[in-house]
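Q: My questions all concern the structure below.
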Amino acid sequence: MSTLQLHATAARVVEQCLSNQKNLSIRRIVEGVCQAATDKERKAVFAIVCQVLKYKEPVSTIIANSGINPSALKGKKSSIYLVLIYELLFGKGFKSAPSQLRNLVIPHKTRLTAELAKLKIKRRAVKNEDLIPEHIRNAVVLPRFARVNTLVTTMDQCLKDLAKNGYELIEYEDGMDLSKLKLTMVKDPHIPSLLVLPPNSDFHNHELLLKGHIILQDKASCFPAFILNPPKNATVIDGCAAPGNKTSQLSMIMNNTGTIHAFDKDSARLQTLIKLTGRSGCKNITPKRMSFLDVDPNDKMYAGVEYILLDPSCSGSGITRRLDHLLIQSDTATAEEEELDENGGIVSGEARIKALADFQVEVLMHAFKFKKVKKVAYSTCSKHREENEGVVERVLALQSDFKLVKNVFPEWKRRGVDGFEEVIRTLPEEDNCIGFFVALFERK
């Protein structure tokens, strides 16, 4: 990829990030634009785009004050100006860039540099970094979590493999700032198979991921299967299974024994599940393209179901992408980023949240109809009470066969709101993982 292509491609990605009608992650947008690029080239584009978006506000202010013809900034050209002026003022420069790009901004260099100096004085910025908006500078940065898949490897072997990539294992300490890890890793103190790695760790094309030795899965997303903890040879339903992170975790917990019926009504998402669980060495999963609500509890095939995991569609309001503070958010999203795409979107609006809560109640009540089921794990990546404690309240009032498990996961101290001590919550700002909610029901 030439310098011209690098900056032009970065500009295309920036343009899509700023419109972002599908609310994709930056990484997904880069992958879409750079399909023919090498992994090294994609990383270079990704790095430039992230920096341009960080400095978008001061760069835009400088452009506005510089007297550059506004008509030249309309449409797609505005993104190339953002990229080039970022490089000129804050980046590595672009001496190697072709003249057709340099000529867009070089005539304005003196004025742009002067406007940068004036802006720093006005905002009392000592360093260029001080011009980055506070909500970006102080954004929650989450570590990268990798669940070691003990169906195909061991924790010790995985640690050795990561050590070859320069990662050093250090001991976890209470109060450790996991967002500040740099080429170090720690074993998670709560989930035995989970490793915590630096936020900027990129494993999307790593051999360990492609061979199924690790699964990129947020810590909170590991809670439902860990808490449900079905024994070996159990019969389990994963009612809202795709893309399969939790399903593969169930398979690992059960050591590939028993049966897991995995349901999803979307064929594309189900294919993702089949691919992920296949490369993870899961052999006890039966994927089915259908809605869990259409599964007949009286069907002989499911007569022996004892454990059900439900992670139904939710508002996704607890999702904190590693770089979502750089993006313009819209009202809907697909949240398709490794461990974050299991709930199908980020939504808002009271009516929509109520509709989701009604659906979540319906799904839970359906799970309670399976005659031999012993435990049901319910989870969302929502921060809204209506989808969490509110749903729990409603299903407890609607039936008398199931109750909440008391003292579930006592090692985790953050519990529900309004006195709901039996349920679990996570907060990105304090727990170094996405916002999540888990409740475990058991038959009385």
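Placed from the backbone N, Cα and C atoms, the Cβ positions cover glycine too.
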Q: In TrEMBL, the S-adenosyl-L-methionine site includes Cys240, Ala241, Ala242, Pro243, Gly244, Asn245, Lys246, Asp264. Which of Asp202, Asp299, Asp311 does it also list there?
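A: As annotated by TrEMBL, Cys240, Ala241, Ala242, Pro243, Gly244, Asn245, Lys246, Asp264 share the S-adenosyl-L-methionine site with Asp311, chosen from Asp202, Asp299, Asp311.
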Q: Just checking the binding-site residues Cys240, Ala242, Gly244, Lys246, Asp311: which sit within 10 A of Cys381 (active site, nucleophile), CA to CA?
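A: Checking each Cα against Cys381 (active site, nucleophile), the hits are Asp311.
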Q: What span in Å does the S-adenosyl-L-methionine site cover, taken as the longest CA to CA distance among Cys240, Ala241, Ala242, Pro243, Gly244, Asn245, Lys246, Asp264, Asp311?
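A: 13 Å is the greatest Cα spacing among the residues binding S-adenosyl-L-methionine.
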Q: Where does Gly244 (S-adenosyl-L-methionine binding site) sit in DSSP terms: helix, strand, or coil?
A: coil
Q: CB neighbours of Cys381 (active site, nucleophile) within 10 A?
A: 27
